[in-house]
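Database features, via Swiss-Prot:
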- 71: active site, charge relay system (ACT_SITE)
- 146: active site, charge relay system (ACT_SITE)
- 170: active site, acyl-ester intermediate (ACT_SITE)
């Protein structure tokens, strides 16, 4: 699959029978078998039996025969659903999540379920029960999380598309660490029905692909706005650079991102620094309060709707990740967030959305641009530090709290650790964001 230039070209090759869907399936299985040490799939059973086959009745649909994997907090009928935690081992989903149904209707083949950070509560995908997800492009280094298995499956060439979830950066962080594209749509644009949640306010279904062009292609199909000709592009645009997000950067991250801006500037893109101090202060009031308050009710309600019989304490008692266990125990006890504090944070969320609208308008900018993660990809031996979580989501969490569409693309130099550069657009401007970042991607690739 890696020799296929774009996902659209792969779909065309399948439709024209230049490649057989079964051949594509066998290639993916062979690649996974060679790369089992990546731990990017959760397989309760053999891979062959859990890897679907192209539905001949759907031949002619847009994604017919394309293998797609799903983070293991997403329901796929007949496959295990563990949310990356030992306490749910053996549970089989009896329904498809809405996003799975959509992709199946487009002809996609379910390749399996991806490993993840336990219960989505982290950014490393170092999973004590299922194994740490390896980084295919930087062996020995962290794959990121919580959708780390999805990023690794795409980056290694097992699948061209994976579906993950993003609460505060859980798609974009692993995409940046694995040198691929991660797209979080405007919150609510893709249904979260059939997904084990962290926070109904912040959770978002999104896409992990090799390129921004691939993400644009798939999102167009999912949103029903796919066209047979390129979207009208506005050309180079004015992009805001939030000062806080460009501060205290690792040297390699800073160099890679500044080099990318320099290339874009030469082709007509305009950049302006944005003083975002008031935005940062407001954003910090939502980062942990909202998801940690909502998780316990949302998680329990989700399990009940899926037919779980054992209660949430059966799961919590078997949590293996020490950091996750600490968070859960703290917030079930003395650290429980008060309802008034939660409601205040929700009000701040509405204020944040208004302030972001004003920021785009006041500075006459079309996009925001910033390094996806301020630090370099950590080695696996050093990634599981509690303080790394806050560092990793420092830049990505604003888009989550303001419900903006956001995408990261790789800009790191060949042969060095991956670096991601992110772009956000105003809410509901998903197609505009994807179109412009696809253009940016082409400029950067020369």
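Sequential numbering from 1, following the chain as shown.
Positions of Cβ are set from backbone N, Cα and C atoms, glycine also.
Looking only at other Cβ atoms within 10 Å, the busiest spot among the active-site residues 71, 146, 170 turns out to be 170. Put simply, residue 71 (active site, charge relay system) is 9 Å from residue 146 (active site, charge relay system) when counted between their Cα atoms.
Put simply, residue 71 (active site, charge relay system) is 11 Å from residue 170 (active site, acyl-ester intermediate) when counted between their Cα atoms.
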